[in-house]
């Protein structure tokens, strides 16, 4: 009998310190709903759910008819399951890693190298850059989700320099003057001035950074205590970041980078060399299968300042330009498609109302991973004459060209995300 080509997965949870704790975490709630044996500790963080074949989180196969223990092992022995184009383009490997993140405290400000730079960095310093792949990524909000993303318009940065003297002091008079002069000029002049300012900030002496940050925190705290609103300089966020990462250069990055608050279903796409940081909330994330990160702050980890300042994309743009809108499917009223300008991954969102009794998952020429965020269904697999019950938090691997029919077993709306590779 042929090996099943659609099967449920048990996925790896990462308990990084920045994750939401216990049942406040969407990751923990998905885990608890899908696995009756899961024990959720109310004092432990549940930061990420990894759905894929990454060596640090290869999903286990929940089908005793399959001899391989993990998805990575199974794909290695059944590479045709990827679909012919995906198999040939990505050397028989699943090209994406699919995740759920539950963020309580800010992650480091970071950027990911493009493929060319990733190869160079990996050769030079494999201890810091573990592979030669690029790492574009996309976050889709499940709850209100706050993040920093890309350089804000230069006019806004100049305004912060006027209002936050501690910030301007670290950048210095010459770099500040160059940035002010670039306003309204050509894009290249603005990007060059921005690079100069950001490099000055990142290369500031630690002692001076700590002094200026303490002065700013003291000033904002006093104003807030006196009943003044300090939101024109993001007072609340600065105090929050300083509490999480005292004395960290990254606290000043909020004056350089766009602050986005995504509503559920809204997305941001983070291409190579775009500085970003996730601050708070729950999201679905999809990325190319890589671990390469160049950090810029809000972290005790290694910061490669020269590489960072050299590689970043310094093109400023307003925050609403950073939102990535999905396309509505022409054939399926319940399907939205988030298809970023990279070959490695696409994410589909299915919102099916409770009035529908069954829903056909579209057949693709790509392996895919499906996550049940809301709802209870029975997945019917015609090719295997099999039925698989799926609850909230359930994860299903679907090989290329397999059809799946979802029968809704509890009359509640469905929210499903599916990662795939549409070449």
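Start at 1 and count along the chain as shown; that gives each residue its number.
Any Cβ shown, glycine's included, is placed from N, Cα and C.
Listed in Swiss-Prot:
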type     : residues           : note
MOD_RES  : 2                  : N-acetylalanine
MOD_RES  : 102                : phosphoserine
MOD_RES  : 108                : phosphoserine
BINDING  : 110, 112, 137, 276 : Zn(2+) binding site
ACT_SITE : 295                : active site
Residues close to Zn(2+) site centre defined by 110, 112, 137, 276, Cβ within 8 Å: 111, 135, 270, 274, 275, 293
Spatial neighbour of the residue listed as 'active site' that is closest, considering only the recorded positions 102, 108, 112, 137 and their CA atoms: 108
Euclidean distance between Cα atoms of residue 102 (phosphoserine) and residue 276 (Zn(2+) binding site), Å: 17
Distance from residue 112 (Zn(2+) binding site) back to residue 102 (phosphoserine), taken between C-alpha atoms, in Å: 21
CB contacts for residue 102 (phosphoserine) [other CB atoms within 10 A, all chains]: 26
Integer Cα-Cα distance in angstrom, residue 108 (phosphoserine) to residue 137 (Zn(2+) binding site): 15
Among 108, 110 [recorded positions], residue with fewest other Cβ within 10 Å: 108
Those residues of the chain, 6+ apart, with a Cβ under 8 Å from that of residue 112 (Zn(2+) binding site): 118, 134, 135, 136, 137, 270, 272, 273, 290, 292, 293, 294
DSSP state at residue 108 (phosphoserine), helix/strand/coil: coil
CB contacts for residue 295 (active site) [other CB atoms within 10 A, all chains]: 22
